[in-house]
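Have a look at the structure below, then the notes.
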Amino acid sequence: MAEHGTDEPSSSTESPDGEGRDSGDRLLLHQRLAVRELIDTEASYLHMLQLCASDIRSRLQQLPQGDLDVLFSNIDDVIEVNSKFLHDLQETASREDEQVHSIGNLFLEFQEELERVYKVYCASYDQALLLVETYRKEPELQREIQGIIEAAVPQAGPSGLSFLLVIPLQRITKYPLLLQKILENTDPDASAYPVLQRAASALQDVNANINEYKRRKEVASKYTRVGQLTLRERLARINTHTLSKKTTRLSQLLKQEAGLVPRTEDKEFDYLEERLHWVSLCVTETKNNVAVYLANLEAFLRFRPQESELDIPGGPVVQYCTLMGDLQLQAFPDFKQRLEGLVWQPLCSLAKALSGPQNLVKKRLDKLLDFERVEEKLSEVGSVTYEEQEARHTYQALNSLLVAELPQLNQLAMRWLGQILHTFVDLQRDLAKQVLQRAEGSLAQLPHHHLSEPAFRKLVEDVLGQTGHQLRSFQENFEKVLPPPTVQPLLPGAERQVQALLSRYGPEKLYQVTSNISGAGTLDLTLLRGQIVALLQNKDTKGNSSRWLVDTGGHRGYVPAGKLELYRVIPDQEEVKEQVQPPKDSHHLTPEPSPAPVPSVPTVTQVVAVYPFVARSSHEVSLQAGQLVTVLEAQDKKGNPEWSLVEVNGQRGYVPSSFLARAPSPAPWGWSLPS
């Protein structure tokens with residue numbers, strides 16, 4: 001019997017079709033396991049977040065509120081977004097055939113929201129870790145914190161707070177890995193495959209954007225801290241490296257000013273910077289005004305006329321004293337306290353919040369100069385050093401951060417300022433209401449309380465009109481005795497300077513300084529009142545017409561236009577100087593006389609100073625316009641009527657007679673409400 005040389009095929013060997021079905025089943029099984037892992041871990045993650053926000057945060061009340069805000073950051077926003085995400089994720093289970101496709105679309109739908117909340121949390125994570133390190137240096141506080149965390153989350157172990165704080169960072173970085181795991185177990189020919197690919201790529205972009213945002217925030221934080229250093233700390237940071245950088249920046253800036261190298265233009269940033277400057281200016285002005293308001297209110301509260309002996313019989317006086325005492329003891333102090341808490345302190349906080357962005361804007365200019373220099377080198381040489389490359393990246397990060405966040409900052413600051421102003425108005429309204437309520441009884445005893453508001457307004461208008469007519473009559477009578485306009489006295493030894501300026505520029509270019517000027521800038525002049533200058537240009541290099549370029553005869557520079565007035569040159573000045581002699585032992589020029597005769601002033605009488613006068617020697621005395629002056633002698637010791645010996649505030653001295661005038665004595669006048 002012959003033996004068979006070949007074996008028969010085994011009945012247990014599977015066919016190719018059977019192997020394909022088994023492979024597809026395994027792929028589907030692994031895909032479902034990956035989906036289940038995504039949903040289950042998301043639910044556990046959300047539960048941990050809610051535990052941190054509700055249980056642990058509420059038990060850490062021994063920590064300052066500011067510390068809690070840093071530790072837990074915007075965890076409430078993260079919980080809100082992930083709650084909606086988990087709900088929609090669980091809803092995909094009802095569509096089993098399209099579940100994977102729905103998960104991919106869901107990640108794409110939540111891409112922006114996830115990036116928005118997680119970039120804020122991740123940016124504050126390092127600062128939270130610094131706080132955790134400070135707690136570890138206080139053993140008693142650390143034991144309390146550790147006990148609270150172990151009671152709520154036993155698996156945290158000795159890591160404590162660090163274990164909890166890092167969970168959101170781990171979750172956002174795990175999303176691309178979970179999606180990639182689902183993608184690996186999805187048939188490339190399936191309709192869900194390209195959607196999952198886009199979702200995985202989108203979550204990778206989210207993580208990259210969060211890292212970039214975190215880097216920008218670190219750069220901003222670094223330069224904000226530098227802006228808060230004291231002068232001593234800034235000086236301690238100066239070394240050869242910093243001096244070299246500042247010298248290079250100055251060189252780059254000078255090249256741009258000279259037109260040797262182009263200046264980088266960024267219209268978008270320039271607009272945002274201008275808006276920030278405008279907002280900061282509004283906040284500063286409002287803060288200054290409120291500070292003055294508070295100072296005046298404080299002075300008002302110190303003044304208590306109701307406590308003085310008014311030497312007036314009772315009745316209205318007693319009611320007035322009672323009302324003012326009540327208001328100054330309760331209404332006004334309450335108003336001041338609310339004003340400080342609801343207006344002044346928020347204004348100070350807003351001004352402080354704007355100082356950081358302002359420092360960043362200034363720092364951006366330094367980094368822009370570094371960036372332009374590196375770009376110039378890169379175009380010429382084709383390569384740069386690692387440090388120069390870092391300078392480029394620093395500028396780009398700082399500029400991107402400012403362009404992205406300045407619009408929101410400007411809008412938020414204006415809204416904040418608007419709310420402060422609304423609060424200020426409301427406080428004023430409440431104060432007026434309180435005062436009227438408390439004064440209701442006293443107002444009923446006024447002689448005109450029975451009049452309607454329109455009738456009372458008409459009454460006040462008539463009385464004010466009558467009083468205004470009396471004031472105008474007084475003004476007309478006063479002006480009749482005023483001497484003609486006269487020029488301000490010249491400074492000692494100024495004749496030659498005036499003559500030199502007059503011959504060089506002509507009389508139409510000469511101006512006189514009306515008050516002392518203290519130059520603040522390098523090109524600003526410091527001038528004394530009465531000094532003569534020649535106008536060179538009625539604006540500065542930036543086109544600002546409030547700063548004029550002038551020549552003093554020795555120096556040229558800028559002065560405020562508002563402190564100059566046209567100098568009236570008298571043709572017969574030389575003759576006048578020969579005729580008019582100053583007081584004895586005085587070496588100063590007298591004021592320029594006017595063509596009209598100087599009004600004679602009776603001896604030992606009271607007159608009014610028409611113009612201000614600044615004493616220039618011990619023989620003279622200063623005057624203020626409108627000041628009452630006692631004339632002792634209507635001439636000097638040589639009999640010159642151009643100078644008068646007067647007494648002002650107990651001081652005696654000579655003043656120009658033309659600066660004095662008799663006060664008119666009209667019939668007694670005044671105003672009072674008709675009964």
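The chain as shown is numbered from 1 upward.
For all residues, glycine too, the Cβ spot is worked out from N, Cα and C.
Bear in mind that the values here come from a model prediction, so they are computed numbers and not experimental data.
These features come from TrEMBL:
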type: COMPBIAS; residues: 577-590; note: compositional bias 'Basic and acidic residues'
type: DOMAIN; residues: 30-213; note: domain 'DH'
type: DOMAIN; residues: 254-455; note: domain 'BAR'
type: DOMAIN; residues: 506-569; note: domain 'SH3'
type: DOMAIN; residues: 602-665; note: domain 'SH3'
type: REGION; residues: 1-24; note: region 'Disordered'
type: REGION; residues: 577-600; note: region 'Disordered'
Give the mean pLDDT for the domain 'SH3' (506-569) on the 0 to 100 scale.
86
Looking only at the domain 'SH3' (602-665), what are its DSSP counts of helix, strand and coil residues?
3 helix, 28 strand, 33 coil
Just give the helix, strand and coil counts over the domain 'SH3' (506-569), going by DSSP.
6 helix, 26 strand, 32 coil
